[in-house]
Amino acid sequence: MIDQNSDKIEVPVKVVLGSQLPLCVDPVHDENPDYNPFEHRRLEHPTTNAETLAHLLKGSLGSGILAMPLAFAHAGLWFGLGAMIFVGFICTYCVHILIKCEHIMCRRTQTPSFGYAELATSVFANGPGILHRWSRFAGLVINTFIVMTLFGCCCVYNVFVATNVKQVVEHYTDFDYNLRWYILLMLPFLILLNLIRDLKSMAVFSVVANIFVSLCLVVTAYYIFRDDLPVVTDRIAMANCTKMPIFFGTAVFALEAIGVVMTLENNMKTPQNFIGCPSVLNTGMLVVVILYTTVGFFGYWKYGDDTAGSITLNLPTEEILAQSVKLMIAIAIFLTYCLQFYVPMNITWINIRDKFSENNKQLAEYATRFLLITSTVVLAIAIPTIGPFMSLIGAVCVSTLGRPGFGTLKWILVKDVLLILFGVAGFVIGTYVSVLEIDESLTRL
């Protein structure tokens, strides 16, 4: 640990394995400039760097990666390539800002850690006076969108798993049941899976799911490159502007881990390793963006306008290897459900647990889990379509989740305003187009 000076006068900074953490910018009389929030965190089941990386990869490498070819179909081959890299950079950069902001507020307020909504509340409460009265509202808004985001992810996962299982079952049997029955049959298994209540115990599921996803990507690549790719000029280089919001929504949904990053960082044994260079975040997001871009680019190049909501649905139904991919990815996404469900369940429970007596709290918690899980199944049954559903969740929720001093020529202010405008534009346009797509999909069912 090395003491340095920051670009602010008399602001000490400690560099801990690459993470620069300003101790204080506007000191107050009762502030301890040597306060290290990491030393004050008390965790029952802290996760290692490797376990956190596994969770981050699994949180990002969900059903979204298999929908990237369809996203590229809405953007165009070459425009999608550049746009995916750009969106990945923006999302990673915003997570860096988020975590650095948490570290600054931890030291300012001498608080060991913050949740996403708690951080928003603290920032507003400690910011300009005009924002103080909006602090609790800011926290409520953040909590609402986090719950909506990850709740929506769970719904998409239900549809995704059921769709892949249905295709395999129908190939080997004479069953011809509606997709909604497959979603409903998942309910008891989801309830059992979500009896696990801590990230440490979930780590093994993340590792297994990551192995399955890796195997699926290898086999999918085999099918993509087994035969010659079509002439690249047969693919649209840049799609019509009216389709691009679907690409934006799907791409942002694919990078959905922004909703769980603070939970992951707060549960680390060595949280100073989460950001910086190298770091858990940079390593994980680099892998994620490369994989998403590669799958999207070559998947669309291979299948063109025939690209399905999940590229696994484009694989030949008559080959056992292709069927194994669909089952493995279904299992992997199923195992990921508990990670995505962890945060909305915690947020919901924290806000209602005081309404129950100590004797009834455990029963009430399990009842809450049952009701929330059932709700994700019911919503998935109501909208059993993958692509537009993903885009809607990404456009409405993830785009909305989206430091002292403004820098030379106020470049920090300009940058933040541009990021806000980017998120708002994605929210409005993406939501409108996604709702139209969902309506059209439901009409065809």
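Each residue, glycine too, has its Cβ placed from N, Cα and C.
TrEMBL has this to say about the protein:
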- 46-401: domain 'Amino acid transporter transmembrane' (DOMAIN)
- 77-99: transmembrane segment (TRANSMEM)
- 137-159: transmembrane segment (TRANSMEM)
- 179-196: transmembrane segment (TRANSMEM)
- 203-225: transmembrane segment (TRANSMEM)
- 245-264: transmembrane segment (TRANSMEM)
- 276-300: transmembrane segment (TRANSMEM)
- 320-343: transmembrane segment (TRANSMEM)
- 363-383: transmembrane segment (TRANSMEM)
- 418-435: transmembrane segment (TRANSMEM)
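For the transmembrane segment (203-225), the partner stretch with the highest count of Cβ pairs under 8 angstroms, out of 179-196, 276-300, 320-343, 363-383, is 320-343.
Contact between the transmembrane segment (320-343) and the transmembrane segment (137-159) holds: at least three of their C-beta pairs are under 8 Å, each pair 6 or more apart in sequence. Contact counts against the transmembrane segment (276-300), taken as Cβ pairs under 8 Å, peak for 77-99 among the stretches 77-99, 137-159, 179-196, 363-383. Counting only same-chain residues 6+ beyond the ends of the transmembrane segment (77-99), those with a CB under 8 A from a CB of the stretch are 68, 71, 116, 119, 232, 235-239, 244, 247-248, 251-252, 255, 258, 261-262, 265, 274-275, 281-282, 285, 288-289, 292-293, 296-297, 300-301, 402-403, 419, 422.
Remote same-chain partners of the transmembrane segment (363-383), defined as residues 6 or more beyond its termini with a Cβ less than 8 Å from a stretch Cβ, comprise 151, 154-156, 158-159, 162, 180, 183-184, 186-187, 190-191, 194-195, 341, 344-345, 348-349, 352-353, 356, 389, 438, 442.
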